[in-house]
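Q: Please read through the structure below; I'll follow up with questions.
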Amino acid sequence: MKSHGTAYGAGTIINAIAVWKGSAFAIDLKTHATVELRGDLIEGEIEGGGDSRLIERACELTLDKLGVDSGAKIRTTSEIPIASGLKSSSAAANATIIATCRAARQSVDPLEMVRIGVQAALDVGVSVTGAFDDACASMLGGVVLTDNREKALLKREVLESKVVVYAPDKKAFSAQTDVKKSRLIAPWVETAFDIAMRGDYRKAMALNGFLYCSALGFSAEPILAALELGVTGVSLSGTGPSYVALVSEEGEEADRLKKAWSAYPGRVFVTEVINEGAFLLEGEECRWNT
């Protein structure tokens with residue numbers, strides 16, 4: 001039995017590391033997974049190489065949940081740069097879980113699929129909090145606000161917006177984040193989260209960005225460059241190194257910010273917030289560029 005799953009990357013409104021409460025939005029960058037149930041072993045393979053423990057554990061936990069005694073072959077491909085703050089791990093786990101459920105011809109509630117992926121991330125040590133907020137955005141689409149400690153979805157909204165992404169060439173793995181320094185800024189991150197709960201996502205993003213840039217040692221220059229152009233919804237994404245900005249769907253705001261950010265080393269591109277749930281997608285077979 002073989003099937004496919006697709007899940008989205010995401011951008012940060014509030015990083016959950018400081019206070020265990022977070023907010024994120026899905027973006028139009030996808031990870032595809034193909035799962036074939038066969039044999040006794042669970043084996044994962046990532047296009048371009050990489051650590052396959054997360055997708056293997058996500059598949060294993062899903063099969064346990066479904067009561068299916070089988071091995072599996074998992075293959076993933078992705079448009080999301082790894083260790084960039086754009087939620088590549090959440091997308092990989094979600095896509096794998098969706099594909100596994102489909103291969104087993106069974107269905108699981110989307111939030112339960114998210115919780116399986118979060119547990120897999122904690123089990124293999126790729127996340128500090130399990131990234132329930134990022135995983136919810138990746139799976140459900142739109143903007144989400146969550147309590148990561150309780151694995152509770154507090155709020156989900158549709159948001160129509162273009163997104164400008166600046167992805168520097170370097171990488172920053174979430175599991176290597178300086179948690180102690182992040183917890184020092186907790187009172188102010190709590191304030192930013194309250195602002196986000198009131199629906200002022202752009203203001204919350206900017207505050208989150210300045211706070212985490214300071215705590216984690218990233219430059220705030222890209223945020224200031226966006227503010228100079230009147231783009232107020234801008235932040236460091238996750239634990240970096242990427243930055244994301246919400247911009248108008250109309251006019252030249254996206255082009256102006258893309259030009260400004262292109263002065264920095266790395267890649268700049270424009271995408272959009274995705275409001276459709278990944279669990280609704282048909283999924284695509286992984287076609288590797290080999």
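Backbone N, Cα and C atoms are what each Cβ position is placed from, and that goes for glycine too.
According to Swiss-Prot, the protein carries these features:
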| type | residues | note |
| --- | --- | --- |
| BINDING | PRO81, ILE82, ALA83, SER84, GLY85, LEU86, LYS87, SER88, SER89, SER90, ALA91 | ATP binding site |
Q: Quick one: give me the count of other CB atoms within 10 A of the CB of ALA83 (ATP binding site).
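A: Summing over all protein chains shown, ALA83 (ATP binding site) has 21 other Cβ atoms within 10 Å.
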Q: Around the Cβ of LYS87 (ATP binding site), how many other Cβ atoms lie within 10 Å? Please give the count over every shown protein chain.
A: 31
Q: Least buried of the binding-site residues PRO81, GLY85, going by other Cβ atoms within 10 Å?
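A: With the binding-site residues PRO81, GLY85, fewest surrounding Cβ atoms within 10 Å: PRO81.
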Q: Using the CB centroid of PRO81, ILE82, ALA83, SER84, GLY85, LEU86, LYS87, SER88, SER89, SER90, ALA91 as the ATP site centre, which other residues of the same chain sit with their CB within 8 A?
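A: Going along the sequence, the neighbours appear as GLY9, ILE80, GLY238.
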Q: According to DSSP, collapsed to three classes, what secondary structure does SER89 (ATP binding site) have?
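A: SS state of SER89 (ATP binding site) = helix.
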Q: Taking DSSP three-state, what's PRO81 (ATP binding site) in: helix, strand or coil?
A: coil
